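Participant: Attaching a single structure in C-alpha cells format; questions to follow.
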C-alpha cells in the first residue's frame, strides 16, 4: 500500500499554518525583556540596559539551575529571574556589559554552557513562553564542530523529530519494518494477517 503525496492545497495549508505558528512564536518572544539564541552546546542571552549602568550596578547570578539579572538595590529592575529548563555549567558560563550603537546604549551579554550538549532548550527560564524546538535547524558549521559519532547521533535525532512531526516512522521504526518485510518475503508460507506489530 503506497501513501499518496500531499496535494498542493495541503502543502499550501501546512505552509500557511507554519507561518502563522512562527509569527505567533516570534511575537511571544518579542515581549521578553531579553533576546536569546542557542546552539546545541550553549545559550546566549542579551539584555538591553540603560547606558548609564555600570557592571558594579548589576546583580548577575548564574547558578547550575537558575539565573537572576537585576539592578542592585531593594527596588532594582529585574530583567530575568527564574529556573533553567536544563542545568548549565556555571564555571564555564559568563556575562559582560557591552556598549552598543543602538538605544538604550548598553547590553548585558550572557553566555551559558549547557550540561547536556545534546538537547535544545524551549526557553531560557521555565516561566517564559516556549519555542518549538522541533523546528530548529542547526547551522552546518555547528554540526561540523561535532565529532563523527556525535554528529551522526544529532542528525538521526533531527531526522526522527521531523519524521514524528509528519506522522511518519522514525529511523528505528523504519528499520524494524524493513526487517519484518524481509522476513515475510523470506517466509511466504507464514501467515502474518493476525500479527500484532508495535
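A Cβ is built for glycine as well, from the same backbone N, Cα and C atoms used for every other residue.
So Swiss-Prot lists these for the protein:
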- 1-29: region 'Disordered' (REGION)
- 12-25: compositional bias 'Basic and acidic residues' (COMPBIAS)
- 29-125: domain 'CS' (DOMAIN)
- 141: phosphoserine (MOD_RES)
- 193: phosphoserine (MOD_RES)
Participant: Let me spell it out: take the region 'Disordered' (1-29), skip the flanking residues so only those 6+ beyond its ends count, and list any with a Cβ under 8 Å from a Cβ in it.
Facilitator: 35, 129, 131-132, 135
Participant: Per DSSP, what is the residue tally for the domain 'CS' (29-125) in helix, strand and coil?
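Facilitator: So the counts come to 8 helix, 47 strand, 42 coil.
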Participant: Report the mean pLDDT of the predicted model across the domain 'CS' (29-125), rounded to a whole number.
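Facilitator: For the domain 'CS' (29-125), the model's average pLDDT rounds to 94.
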Participant: I'd like the number of other C-beta atoms within 10 A of the C-beta of residue 193 (phosphoserine), please.
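Facilitator: I get 4 for this one.
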